[in-house]
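> As listed in Swiss-Prot for this protein:
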- 59, 353: Mg(2+) 1 binding site (BINDING)
- 181: active site (ACT_SITE)
- 222, 224: Mg(2+) 2 binding site (BINDING)
- 222: active site, proton donor/acceptor (ACT_SITE)
- 224: site 'Transition state stabilizer' (SITE)
- 328: site 'Important for catalytic activity' (SITE)
- 354: site 'Interaction with DNA substrate' (SITE)
- 476, 478, 500, 514: Zn(2+) binding site (BINDING)
- 476-520: zinc finger (ZN_FING)
């Protein structure tokens, strides 16, 4: 992390609420990267590092047996939604800091209500053997369920909410946080596109409904929509629009106004127009008049800032050249525009193909006074939703299953070896057993008559030199050795070729790939 980003994160006062969104692409895997690798898989350490008060992670890719680790974070309320059937997929978490009682934000950050999904049709426990939908329980549901979609029946609504894509939390200060991971239709199927558009429409209809009943909205997460032309490196290149240092986004959009508008209203990408219709700062005049949300990052950084990307294609190694798009947002109601004090992306934070985005809001006069009555913790809080209060029962069962499998493996290995010293290794771990066989050449192997003598000899395999097989790598236009790749196309499957080893970037960027290509 750069020193400039450290300064940004440190510049937060006690009176501001820091919102942070991060598509972690697997909550376990991002702990493999600095600085998180030194945090012992502690979410509390991660949240303190960011100095964040309200955090949402997308693509948790976790399951019920692992939620005990992420659903009980000291000093935070935890709200987690995971897919109902598909394991290791999607998943959204929202964590709310619990300040000390003498902290200025203590009353403002009190959680009033919380719910899972966007339609209100999902249910929450209502006693030992019963459950009730959020929309039918005024004590749990946040509201705004009317006219979400005229064709949306209960079955369709439950399908929309079955993939663990949204968590909503209402605070005592009147803010409703909507943590979301919108579908992307990565397979480009007709069914996937219909699901994507319906989810987006229902979500934004719910936002409007909540706004009408007086709620202040913070919509944060991976929306999977690139809102403007200046937010898409790929489209800028397709339109042959050069990005030079003196040219800012404002000048670019003025010079290529038609292309900037076409990018939004393109009939092949209806999700962009749908998304822009909720934005008060949209380039579309009609949309901006009806828009009710402000893009905090764009407001603070202005439209003049280019290359403000939040996601990159990692398979093509496009992050080093900053060739990506912006699909992660923190959007707030117009009512909160005056509260926005800071907002930015953190592109130097690794651990995912996305980077974190944060916004600082000072709620000023909207702050709740100390006399406010504290309400019960919502039933959707992870400790209640997933039964994490009673000695971590889920984790106990997980350990039990693991031990059974381990014992089964030990039995099978011992039976196959069938040696005279089985009794001596019965209580040893599987790892130490294999280590001894491979590293110390256990005497039991010598005693076996079934192993031929020639098997004991080391077999030396001649090592082939890379250049002996493919020849010396040709030089690219940068004068550097090129990189060997394998074709995966149907026309030339498995055929080798050389390309420039630098990552793809803007066509006028001399530091990016020169476009060199040569078949082997």
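Yeah, the Cβs are placed from backbone N, Cα and C, and that goes for glycine too.
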> Looking at the binding-site residues 222, 224, 353, 476, whose Cα is closest in space to that of residue 181 (active site)?
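Out of the listed candidates, the nearest Cα belongs to 222.
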> For the recorded Zn(2+) site formed by 476, 478, 500, 514, name the remaining residues of the chain with Cβ within 8 Å of the site's Cβ center, in chain order.
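Close Cβ neighbours, site residues excluded: 475, 477, 479, 480, 482, 501, 502, 513, 515, 516.
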> On a C-alpha basis, identify the one among 59, 328, 353, 476 that is nearest to residue 224 (Mg(2+) 2 binding site); the candidates are the recorded positions.
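If we rank 59, 328, 353, 476 by Cα distance to residue 224 (Mg(2+) 2 binding site), first place goes to 328.
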> Taking every protein chain in this structure into account, which of the recorded positions 354, 478 has the most other Cβ atoms within 10 Å of its Cβ?
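Top count of Cβ atoms within 10 Å goes to 354.
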> State the mean pLDDT for the zinc finger (476-520).
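Across the residues of the zinc finger (476-520) the model's pLDDT averages 74 on the 0 to 100 scale.
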> Tell me which residues of the chain lie with their Cβ under 8 angstroms from that of residue 514 (Zn(2+) binding site), as long as they are six or more apart in sequence?
476, 477, 478, 500, 502
> In whole Å, how far does the CA atom of residue 353 (Mg(2+) 1 binding site) lie from that of residue 328 (site 'Important for catalytic activity')?
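For residue 353 (Mg(2+) 1 binding site) versus residue 328 (site 'Important for catalytic activity'), the Cα atoms are 12 Å apart.
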> Given the recorded positions 59, 222, 328, which lie close to residue 354 (site 'Interaction with DNA substrate'), meaning Cα to Cα within 10 A?
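Of 59, 222, 328, within range: 222, 328.
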> Can you give me the same-chain residues 6 or more apart in sequence from residue 328 (site 'Important for catalytic activity') with a CB-CB distance under 8 Å?
21, 22, 23, 221, 222, 223, 310, 311, 345, 354, 355, 357
> Taking the Cβ of residue 222 (Mg(2+) 2 binding site) as the centre, how many other Cβ atoms fall within a 10 Å radius?
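That number is 27.
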> Pick from 59, 353: which of these binding-site residues has the biggest number of other Cβ atoms within 10 Å of its Cβ?
59
